[in-house]
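Listed in Swiss-Prot:
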- N205, M234, Y263, H299, S319, R320, G321, D360, G361, L362, R363, E399, Y426: substrate binding site (BINDING)
- H403, H467: Zn(2+) binding site (BINDING)
- C547, C550, C555: [4Fe-4S] cluster binding site (BINDING)
Amino acid sequence: MSQTIPQITTGPLPGSRKIHVPGSLHDIRVPMREIAVSNEPPLVVYDSSGPYTDAAVQADIARGLPDLRGDWQLRRGDVAPYPGRQVTAADNGFAEGARLTPAFPLRRDPLRAAAGRAVTQLAYARAGIVTPEMEFAAIRENEGRLVAHARDGAPMGAELPDLVTPEFVRAEIAAGRAIIPANINHRELEPMIIGRNFKVKINANIGNSAVTSSMEEEVEKMVWAIRWGADTVMDLSTGRNIHNIRDWIIRNAPVPIGTVPLYQALEKVGGVAEDLSWEVFRDTLVEQAEQGVDYFTIHAGVRLHMIPLTARRVTGIVSRGGSIMAKWCLHHHRESFLYERFDEICEIMQAYDVSFSLGDGLRPGSIADANDEAQCAELRTLGELTKIAWARDCQVMIEGPGHVPMHKIKANMEEQLRHCHEAPFYTLGPLTTDIAPGYDHITSAIGAAMIGWFGTAMLCYVTPKEHLGLPDRDDVKTGVITYKLAAHAADLAKGHPGAQRRDDALSRARFEFRWQDQFNLGLDPDTAQAMHDETLPKEAHKLAHFCSMCGPKFCSMRISHDIRAEAEKQAGMARMAEKFREGGALYLPVAESVAEAAD
């Protein structure tokens, strides 16, 4: 077994340590990252990295993360353990022998809702119950702040409180404007919230394929992605060993895990879309729900009459799930089983509190196809399905495009809010131009920052490998850092309270030539320091009042220091001169005093 355990990345980020903030309503400890800053109080920031960056924790992925939520669920008294379904050869793509990834060593009986009970965060919120998950998420959002901070921005309809309370979280979930993806079988989860009245979140995609990657790589990709700030992770595996790899990932994931169950269902029928059936798909939903998947992408909005609308597109149907279901619909000349059986899907989602991520199977795959009738028709259907899911106490977010030029992005957000009743929007980018293969993390981050400002709640990252290949570890980091930047830019534009604290702290460090603080306060300390040290590697250079860009004579900030010092010197001299003038008026020369006395 030891040979199969991946070497994962652990340890704090430079200049940082893990701290925990206690709850007041529930017995919880919420993790955050504290960054040490010279000559200033430390800066506390949101932290999704889990125990892997805690110096006091020895990670053992063969045991998985601690059971954080089990007691919460049992105290509620509305769940019941049961034996669960048996794992079949089809679950792992019929892999066998040396090709079969070992099963995760620990197995618990799965939980599901007790008869007649609703165990979703939406059901609790509607009943006025503030769960530990809700308080946990609320505390995270405040990033250690106890008081309001000055804010500057245009919220674009968002209602951002100075401080997020557990009651505010409950109310937003009850209204359908936010979700806490938290399958009752993902007991290791550190709960988080997705909604436009909270910090903009990001998702990282990982997953093996039929031609590359392994369990070792995928677990490390997950840990690596959350180290750099991924708030959720989607496992989009399409090759063999899907079940076992997913188990290893979930048991070691402190963040919500999402999937597209259709991919595994397709593997179970040999990759032939026409052979898919409701029975195979339903079995796959239950399988993944028992494992603890927190949200499912369900492409139920692809309807038969919409498919011809894509015929004249430049790039047709680019969603894998969308194309699979379109092919099935055309072959069987009927609506998809995802649409026809949506009520039954809701029953499964409700029993385990799996959140819906209603998929945009007809999203535009090129800017030429942006905002066309196929895209809009599907969006309207997703709005109808949202109401059906809400009626069954299921949490819902809506997936969005895709490829959209900048001038059409705002309309996407407005249409989503209108047709989907303010359910959280979750977008892939969007990519704002199609001319940059190898740089689509940049083309998409432009659109992501914009749509995040306009109201998107979560951004799905794009890596440099988009359209080119399966991302590796380095691509994952590049994608996550790029999207953390886009999400933070959106928070600043919206006027999120406290968002600018980190910018201001780094700006002060930059002006004062505190190089180590600059590195540590950045999104990627390692890369920042490596770039600095390429040309100024000596320790003495960490104290230098210049960098290699300008050198000592042309550094604008050094010159600004000189200007400030000179201005202060002149201001001081002016103050002294004023004092002398005041003194001259109080103490007249002797001759004048005698003359005045004689008069």
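For all residues, glycine too, the Cβ spot is worked out from N, Cα and C.
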H467 (Zn(2+) binding site) falls, by DSSP collapsed to helix, strand or coil, into coil
Neighbour count check, CB within 10 A, over binding-site residues G321, G361; minimum at G321
CB contacts under 8 angstroms to R363 (substrate binding site), restricted to the same chain and 6+ apart in sequence, sorted by sequence, are V318, S319, G322, Q375, E399, G400, P401, G402, H403, L428
CB contacts under 8 angstroms to Y263 (substrate binding site), restricted to the same chain and 6+ apart in sequence, sorted by sequence, are L236, S237, T238, I242, R320, G321
Counting Cβ atoms within 10 Å of each Cβ, the densest environment among the binding-site residues H403, H467 belongs to H403
For H467 (Zn(2+) binding site), the spatially nearest of the binding-site residues N205, G361, Y426, using Cα atoms, is N205
Longest inter-residue Cα distance for the substrate binders N205, M234, Y263, H299, S319, R320, G321, D360, G361, L362, R363, E399, Y426, rounded to the nearest angstrom, is 20
Under a three-state DSSP reduction, the secondary structure at N205 (substrate binding site) is strand
DSSP says G321 (substrate binding site), in three-state terms, is helix
For H403 (Zn(2+) binding site), the three-state DSSP class is strand
Per DSSP (three-state), Y263 (substrate binding site) is helix
Once DSSP output is merged into helix, strand and coil, Y426 (substrate binding site) belongs to strand
Quick note, N205 (substrate binding site): same-chain residues at least 6 apart with CB under 8 Å of its CB -> V233, M234, L236, C460, Y461, P471
